[in-house]
Ligand SMILES: CC(C)=CCC/C(C)=C/CC/C(C)=C/CC/C(C)=C/COC[C@H](O)COP(=O)(O)O
Ligand SMILES: CC(C)=CCC/C(C)=C/CC/C(C)=C/CC/C(C)=C/COP(=O)(O)OP(=O)(O)O
Ligand SMILES: [Mg+2]
């Protein structure tokens, strides 16, 4: 894959796009503003991934040397300039959306998230939990961004709630996975400050909180009965993740749990889509 495409982490960026598409499906709105919003989220998420790899190049040289910057396929200067161009494009599109729908919220969300992504990569990630909370907020904001475009704020906040806690849990598991490189670099993550056991308990608590509350989207009439079928499968992935991380905090198991959680999130996306028809 081309290094300038790879560094965007298109898989993640497309997942963020799916969150906005889900809001469009739930709101049955496919007008131009939400279509521009889809492009905006792809560009903004890509920009966040690029600036993150720009500031992470030393840690990634240990943990993930195959990435575009540590492997030498993209220079630091080009990565920085590339992320700024992507951020500016996303902000420009956010301003166009706000102009069309006559609401400043989409523009404000893009600008605010761009600042958070930059500061996450520059400093927030190196302090305990603030980095994890930042990524969880950014991920959850995809739903709120979509809701701000089509005027579906309440439902988007419900979905953002689940995305926030499930992403927060996964970020803690990812920090457990990166323990060795982070320790060598002196990063202040939850596993390094409070240990792997405490981290696993916190991650499991967040997973179980979101999982136990997820049927509420059916009980309060947001989604129909069909939502519960794929949700049950997603919950199996989530509960398995909680069980596995509590049982074993080895790095290899953290990798497995991180993948399980991501798969559960993708199945949860299907549940949201199926539940809104
Ligand atoms: C209980 C229940 C219904 C939970 C739902 C959880 C859900 C649907 C979460 C969706 C979250 C979402 C919108 C994800 C978009 C993809 C994304 C940008 C995630 C942020 O990832 C940052 C992460 O650090 C990247 O790591 P990696 O995936 O290993 O590259
Ligand atoms: C709604 C709008 C306008 C934007 C949302 C933008 C989104 C979805 C951001 C999601 C989270 C994200 C992509 C954050 C960027 C920073 C990032 C990649 C964090 C994870 O990186 P690390 O913690 O360094 O872990 P790895 O690099 O090892 O994956
Ligand atoms: Mg990184």
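Backbone N, Cα and C define each Cβ position, glycine as well.
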**OP:** For the transmembrane segment entry in TrEMBL, name the matching range from 225-248, 249-272.
**Re:** 225-248
Original post:
Counting only residues 6+ away from its ends, which parts of the chain sit with a Cβ under 8 Å from the transmembrane segment (129-149)?
Top reply: 16, 19-24, 27, 33-34, 37, 40-41, 48, 97, 101, 103, 105-106, 109-110, 113, 116-117, 119-120, 155-157, 159-161, 163-165, 167-168, 171-172, 175, 189-190
Subject >> Same-chain residue ranges lying at least 6 outside the transmembrane segment (107-122) that approach it to Cβ under 8 Å >> reply: 40, 44, 47-48, 51-52, 54-56, 87, 90-91, 93-95, 97-98, 131, 134-135, 137-138, 141, 144-145, 148
